[in-house]
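Participant: Please see the structure below; I have some questions.
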């Protein structure tokens, strides 16, 4: 992947890219490098930097100054031509040239006339690399001629006639500005009826009697000479026919009045311009002004349109009551026919103005300075346009190229000069002249052939801070000839950056479009050309963006209540945000009801005008966020007006007896509102240091109206007073007048002075600076003094600005210093401060503790001892000793897991310490290190020790499996921490009867290598509690307990336990011995009697020839664990010895709540007992046994055993 390079807007046309492109990016418009000192020795042809305008009109009453400034290396010399010939300034004593400049000063104020120096001037700036020339500067003195004397006859008109009052000002230079006023210098009012034309004449569409006056005066203002000329006043009288007296009516005819227009209503006609058509020519870029003024009665209205087009919306303006159409910045596209239409109630008239837009020359591509290295190619382009098209001509060093010295590296092709294989002799200044009949353009562009090794102009070690996920731009402004190539590297040994995440701009800037945290680091810019190499390092830090944690929310509150807006932000810890609250995008009202703390804006006693949008803006030096919320104020629920209230604020505050350090304040109390004033609180504002912040000054009794206040120097005091009664405190009074006390020397020094090094070779002196109030005068500074405590050195002092830290470099490591910080200002010093002691920077300790030894206290506790290190080797404040200890692992275990080290730190100079929590029967290793404020020193040699045996932990698990009628099997896992060699296991158990009483305890010792044991000869259906623990030679460990129940007899085994209890799960239950219950004995007797009756009935039916050989079939399907009942005596069969100890199926365990898995017996009583449909045929034989039915739902058991069903009991006999 290659580093992306941003494309240039316009590629170069020939050869390698010349240096002028990057020079334009790093050099100002005048080609001055960003760092002039860096390029002081760079040879450069002249460049005109300042000159007078082409048409230079001067004030003939002042000295003539014709500017010509230029720069170059070496500095250029200057010469002038006047009217095309050399102007020898040495021959004219009135003409001087400013030193180091080409500016001419012609002293006509002492003698001489400005008209003598009219002419066309041109300046030439020349050095060894070429010559630059200025524009042709036409110098003309301004003129403001007087009006010619004339006699103006009074004008008499009938009402309604039109009128034009001519101005015809004298021709001046520049043209005068015309306006009409009366003899009181008040401008004459203008309207759609009366207005001034572009030529200065005053036009009346129709006259009215109120136009009668004798002082219509035209004024011409000549701005250049700041003079005003005036025409003779014109008298106008407007009369109506009704006003004519008999004499006038008899002696004058209608045509003898001024003008022949009728005073009756008439359609419009144009006063200007004349005729139906006219032509207007204007230059490109100027303001096109078209005018149409009409007369008529009633007054006509003017409209404007453009034929075959529309008027440009953003450039069209109407002036003079729409009588003038103006189009700014006209171009050739504005040419065409424009029509003005004058209309009144009697008709309309129109006039067409044909507009042609011509153009003086203007640049398409102006030539730019060209910097090349020897052997390179380059191009100068000079392209201009105009109407008519301008002619392009070239000059070199002010001489037309046709007659200039020939240069083999130069080839001219119209508006382009091409250079190939340039040499230092090719350096010159070229002038391009583009001209037509309307004007000319002249541009200087130099060709400078240089051979310079690369130089980087960006400051070294510049730090850039950027918010994450935003672009980062790292500058590398460079210079060199030939143009250097630029490469960027990250880190001190990184490779060149060639990844897509970077963009390299032509000016050397490295852009990271989306900077991330891992973009942080040092970047190196390297510039190379064939003459050498230069590099520069910059640093980039990526900061977390500022974001809201809590934003203000919409609120609706009642008038008079309080509302709070919360605004919390999370920001980068290195940036300090400022929170600004705004109301309706403006500042908060200057009202104490608005209070702002760190995260909240609180508005108390809300008023209707408080409604609006409140914005919280959080700003850091790198980013900002804002959030807004709307507050709506509603009417409150009516409440009774209070009888009592806080006092009204005091007023009429006055300062008297004004001294340097005291003043007397007097005031007039406000109304106490039916509750006596108990005290007055006086606050002050320091407008100089803490404007807008009011602080407590004093309190006086409620009966006083004056207070003598102590003042501090150099404080601009304002005071205000609040009154307080039992209801509360009044609002503050209006502020008093300000009183500025005189400055004095500080009367206190900074506090919290400390000296603490941050590096081994420095001492950082910090203090809490004085605030502005404490400064006592302007120019607050601090005198910082220090010297070694144990040396004979003199105090070293430095005066620093109003800061809070000073760093002393080059100090020895951890040496005590005496430090003083004294305040001073422009008036003097504060009292001599007391010295405090500090230390230069710490370094890591040099020596490890020696003679480390360990004594074992018991199996879990040991004590370590060591010898202290020499104090000088600590190289800092001794914070203590740190012990690292860990349990040694075998090589196989070390490979499987990381060794966990434990750390204990013993403060101060202790040389021993206890190591608790050790594991018995283990091998441990430890080492000791000394600790200071910088960190840890080297570790001592590892020391090993063994802990003796201890008692083991409890067995990891204990399970009761395979319960039978008289046995239980225990399985367990050894202790997780044997803490020695296990010698045996101890098992204790005891039965629990139905009343939860414990029976006799049985002890049993089991060999240590066993993990399974079977207990025999237990009571059936009995709960047992087990206690189990391991032993070492030291003693017994913690025990684990469990409970389990042996199984019940076969009748009870057949499904009386709840189905949700898994086999073999040992659990506690509340067991009731039902065998001793009276109801159970009675039930058993009833069941026995019922069984006997059924046996007799069955026997009789069998003797009569029953349908099925029941006995044989039932014997074939009988449960293998149950013996059939004897036929001869009718009693139940007993369990055999073999079956008493017959193990359960593999993996089965009988739970303590006596649930038996259904697959253990197909003849489960639950299938046929009470609550289940009977499964017998008409002769009582068991049908289910032959139907193959296996899946029966087990019944839920309870805490007492159920009596067996007589039907199921019958199944066991046959």
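Along the chain as shown, the residues are counted starting at 1.
Each residue, glycine too, has its Cβ placed from N, Cα and C.
Residues or ranges marked as compositional bias 'Basic and acidic residues' in Swiss-Prot: 1109-1129, 1151-1160. The feature compositional bias 'Polar residues' is assigned by Swiss-Prot to 1198-1214. The annotation N-linked glycosylation site is assigned in Swiss-Prot to 223, 251, 276, 314, 377, 433, 507, 619, 716, 802, 858, 1009 (among others). The feature phosphotyrosine is assigned by Swiss-Prot to 1135. If you look up Swiss-Prot, you'll see 1136, 1161, 1164, 1181, 1200, 1201, 1205 marked as phosphoserine.
So that I understand the layout, could you describe where these features sit and how close they are to other parts?
Facilitator: Residue 223 (N-linked glycosylation site) carries neither a helix nor a strand DSSP state and counts as coil.
Note: residue 276 (N-linked glycosylation site) has non-local neighbours 350, 351, 352, i.e. same-chain residues 6+ apart with C-beta under 8 A of its own C-beta. According to DSSP, residue 276 (N-linked glycosylation site) is assigned to coil rather than to any helix or strand.
When secondary structure is read from DSSP and collapsed to three states, residue 314 (N-linked glycosylation site) falls in the helix class.
For the recorded site, residue 377 (N-linked glycosylation site), the DSSP three-state label reads coil. Note on residue 377 (N-linked glycosylation site): other Cβ atoms within 10 Å of its Cβ, all shown chains, come to 17.
Under 8 Å, Cβ to Cβ, and six or more positions away along its own chain, residue 433 (N-linked glycosylation site) finds 392, 393, 394, 395, 440, 441, 442.
Residue 507 (N-linked glycosylation site) counts 17 other C-beta atoms within 10 Å of its own C-beta, drawing on all protein chains shown.
For the recorded site, residue 619 (N-linked glycosylation site), the DSSP three-state label reads strand. For residue 619 (N-linked glycosylation site), other Cβ atoms within 10 Å of its Cβ number 17.
For residue 716 (N-linked glycosylation site), the same-chain residues lying six or more positions away in sequence with a CB closer than 8 A to its CB are 686, 687, 688, 738, 739, 740. According to its DSSP assignment, residue 716 (N-linked glycosylation site) is in a strand.
Around residue 802 (N-linked glycosylation site), the same-chain residues six or more apart in sequence whose CB sits under 8 Å from its CB are 769, 780, 781, 782, listed in sequence order. Secondary structure from DSSP puts residue 802 (N-linked glycosylation site) in coil.
Within its own chain, residue 858 (N-linked glycosylation site) has 948, 950 as residues 6 or more apart in sequence whose C-beta sits under 8 angstroms from its own. According to its DSSP assignment, residue 858 (N-linked glycosylation site) is in a strand.
Remark: residue 1009 (N-linked glycosylation site) has no non-local neighbours by Cβ distance under 8 Å and separation of at least 6 in sequence. In the three-state DSSP scheme, residue 1009 (N-linked glycosylation site) falls into the coil class.
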Participant: Just counting, how many other CB atoms are there within 10 A of the CB of residue 314 (N-linked glycosylation site)?
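Facilitator: For residue 314 (N-linked glycosylation site), the 10 Å Cβ neighbour count is 7.
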Participant: Just to be sure I understand the packing, how many Cβ atoms besides its own are within 10 Å of the Cβ of residue 223 (N-linked glycosylation site)?
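Facilitator: Here the count is 12.
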Participant: Quick one: pull the CA-CA distance for residue 223 (N-linked glycosylation site) versus residue 507 (N-linked glycosylation site), whole Å only.
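Facilitator: Computed Cα spacing between residue 223 (N-linked glycosylation site) and residue 507 (N-linked glycosylation site) is 47 Å.
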Participant: Can you grab the distance from residue 314 (N-linked glycosylation site) over to residue 507 (N-linked glycosylation site)? Cα atoms, rounded to a whole Å.
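Facilitator: That separation, Cα to Cα, works out to 37 Å.
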Participant: Expressed to the nearest Å, what is the distance separating residue 507 (N-linked glycosylation site) and residue 377 (N-linked glycosylation site) at their Cα atoms?
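Facilitator: So the Cα of residue 377 (N-linked glycosylation site) lies 20 Å away from that of residue 507 (N-linked glycosylation site).
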Participant: Work out how many Å separate residue 377 (N-linked glycosylation site) and residue 619 (N-linked glycosylation site) at their Cα atoms, rounded off.
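Facilitator: The separation of the Cα atoms works out to 51 Å.
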